[in-house]
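Swiss-Prot has this to say about the protein:
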COMPBIAS  8-73  compositional bias 'Basic and acidic residues'
COMPBIAS  297-347  compositional bias 'Basic and acidic residues'
COMPBIAS  370-385  compositional bias 'Acidic residues'
COMPBIAS  386-411  compositional bias 'Basic and acidic residues'
CROSSLNK  Lys150  SUMO2 cross-link
MOD_RES   Gly2  N-acetylglycine
MOD_RES   Tyr8  phosphotyrosine
MOD_RES   Ser67  phosphoserine
MOD_RES   Ser74  phosphoserine
MOD_RES   Ser136  phosphoserine
MOD_RES   Ser492  phosphoserine
MOD_RES   Ser539  phosphoserine
MOD_RES   Thr543  phosphothreonine
MOD_RES   Ser569  phosphoserine
MOD_RES   Thr670  phosphothreonine
MOD_RES   Arg828  omega-N-methylarginine
MOD_RES   Arg835  omega-N-methylarginine
REGION    1-90  region 'Disordered'
REGION    272-411  region 'Disordered'
REGION    574-597  region 'Disordered'
REGION    830-849  region 'Disordered'
Amino acid sequence: MGDSDDEYDRRRRDKFRRERSDYDRSRERDERRRGDDWNDREWDHGRERRSRGEYRDYDRNRRERFSPPRHELSPPQKRMRRDWDGHSSDPYHSGYEMPYAGGGGGPTYGPPQPWGHPGVHIMQHHVLPIQARLGSIAEIDLGVPPPVMKTFKEFLLSLDDSVDETEAVKRYNDYKLDFRRQQMQDFFLAHKDEEWFRSKYHPDEVGKRRQEARGALQNRLRVFLSLMETGWFDNLLLDIDKADAIVKMLDAAVIKMEGGTENDLRILEQEEEEEQAGKPGEPGKKEEGRAGAGLGDGERKTNDKDEKKEDSKQAENDSSNDDKTKKSEGDGDKEEKKEDSEKEAKKSSKKRNRKHSGDDSFDEGSMSESESESESGQAEEEKEEAEALKEKEKPKEEEWEKPKDAAGLECKPRPLHKTCSLFMRNIAPNISRAEIISLCKRYPGFMRVALSEPQPERRFFRRGWVTFDRSVNIKEICWNLQNIRLRECELSPGVNRDLTRRVRNINGITQHKQIVRNDIKLAAKLIHTLDDRTQLWASEPGTPPLPTSLPSQNPILKNITDYLIEEVSAEEEELLGSSGGAPPEEPPKEGNPAEINVERDEKLIKVLDKLLLYLRIVHSLDYYNTCEYPNEDEMPNRCGIIHVRGPMPPNRISHGEVLEWQKTFEEKLTPLLSVRESLSEEEAQKMGRKDPEQEVEKFVTSNTQELGKDKWLCPLSGKKFKGPEFVRKHIFNKHAEKIEEVKKEVAFFNNFLTDAKRPALPEIKPAQPPGPAQSLTPGLPYPHQTPQGLMPYGQPRPPILGYGAGAVRPAVPTGGPPYPHAPYGAGRGNYDAFRGQGGYPGKPRNRMVRGDPRAIVEYRDLDAPDDVDFF
């Protein structure tokens, strides 16, 4: 074993061997005994001595040990297989090498250290977003942790003993109210300057946002009515077997939303024909169709220029195709053709170079700066060459396009329903939408930016999607944006994939007649609620919403009541049921009489589907998924996913299943049907609602300063007056804009306060010591399987399986939970911990884990009282 630990330790200590012994004989005997091992001691004189770390390549995380060997008093240690070898990813065998540990060394098999000792980060690692841990967020400013509300028990400790229980409860309720009020005001001050917050609550921004949302909604309504008039919904059913037709309809809606014409809708027919024609080579042919189907000649050339990262075969095919088109255009000069072919050859060779150097490194994310510089140089050269080629070919293009215009042929349809997009995972709350737009506008084909709602658990960071036209080279744009920072925040964009399954199905029980009728009722109610909330059918934006008693102007709801009322033959049933017998029309059912067949009513389904399509296209609400897609007009796919009915259930269904489905579905729809919640006047006053007049008075008073007798100053302008009434008059006359700002600030705060669903910091509950029965985390059967991130602050980590009982056990810290029971089957010394509920932790046994044969023997006086501090 040339590189074992024992051999290496002996080599390190060899230079001290002669100094340790005064007996020459013993020294000679030692050297004679070990002479075979050390006869090549000149081994390291001729070359540079290897560092100690190189001997540990097989286990880099081991701690360096320089302790003397223990061969004086005990027999030589056997070279045993170490239990942590080959188990680096196993939490049971990896020692305590977690990111939380302060030491950073190897495995420690002493007493488990509590996590709260000095040197450990105060904020736990798992609280931060993953990008912060990986370094995508530039600086993590944790700031002061928010205060935690006291429990009633903690609050009682701060009260005098003379306070009775009723008074204590009253004071605690007042404390809670004050705490929440203060927390809300702090939150308002912390976020009032951020764009997302102002757009939600500031009076000026709220008005603009509502106007934009209303304009987008009316555009979607026009698209829906246009598609309905042209018969797109006539034979369309929302069933999973009609997925292709549904996708086609959604694409048509998107083309219309993007301002497309009936001519642009022809692209959908062309794509369908291409799919049917080229099924074997579907992927390649789809790409070709997408690139060239609806683009003009100029756009096709930019497309060819952008698709540099295709494989070399395709590059050669493209160049040969270009040559063919040039031949068909007319006989040019031979010299020009030679130059063009030479340039094409150069381009193709550069394409190959870029493919090997650029594409691979982009995918692996490991391109060096020098490579990126050379690539940018190549890109500039290629752009210059492409521009020169364009200038040469312009006259030819004009000649080619003139006969087309003369013939009066229609323009090619545009694929407006297809886009390219980038996804940005972390956008800081202080970055505005306008900044991202101005950054991305520099690149050709930019369309729009969408930002998600901020996430309180991720420090109010947002996700973003930047949409570009389909003709651009999205990977090149993504690469150019990689290292750009906005306000010290790396955007780190990635290419957003196209949606794979745009039509998804739910349970086929939804085809049943009873459920369909119930869905019609719910969908009609939902349409009515959303139309009233957005005032979509109101004549003017300022008009009040229609009362629910009046019929809606929405044509989709016309005569809807005809389908909501179920016709029953009650009189006939009463007459026939008086004898207690069942109606003769219903034959006795085989099997379970409570089961029924799924009954499908095509007429009802057609009515329901029109309502669901209205909800999906106009209000961006996916009925069967019971969710609303927010800001869908700004997303890359303006009509992306829809959920439809699944295939008919093969078996019969019970009446209970139908009722259960209806009940569950109505519960899921309740949040969408509820009116936007706002606090009542009384609750708002309790939470600190501000009065505009009082705030204006406070503003005037604070800006009226007395300098001396009959001498008053207005600090806003620096002018002096003889009395406070003159200062007041001056402020109202000369600083009216400041007064308006105060009123707007009050409205800003009140809008935030009255929103019942206002954003707030995630509530941090104080760590409560769980009882003995709660020592195991739910879902994790054994204490050794408890993840360290879920354990309370300051609690000692559980012992490693196989070493827990043998290690010296520390005292449980104050406030921490009792030591967890040993796992099931701990065996001797524990007397079945799960049955007795009071046994001390025994040695966990596991056949796959090697225990320590030299574990400390545990002795326990069975008559002694329970104590946690024993071996």
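If you go along the chain as it appears here, the first residue is 1 and each next one adds 1.
Note: Cβ is positioned from N, Cα and C throughout, glycine not excepted.
Projection of Swiss-Prot feature records onto the structure.
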{"residue": "Lys150", "record": "SUMO2 cross-link", "Cβ neighbours (10 Å)": "16"}
{"residue": "Ser492", "record": "phosphoserine", "Cβ neighbours (10 Å)": "19"}
{"residue": "Thr670", "record": "phosphothreonine", "Cβ neighbours (10 Å)": "9"}
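For the pair Thr670 (phosphothreonine) and the residue listed as 'SUMO2 cross-link', the Cα-Cα distance reads 34 Å. Ser492 (phosphoserine) and the residue listed as 'SUMO2 cross-link' have their C-alpha atoms 41 Å apart, to the nearest angstrom.
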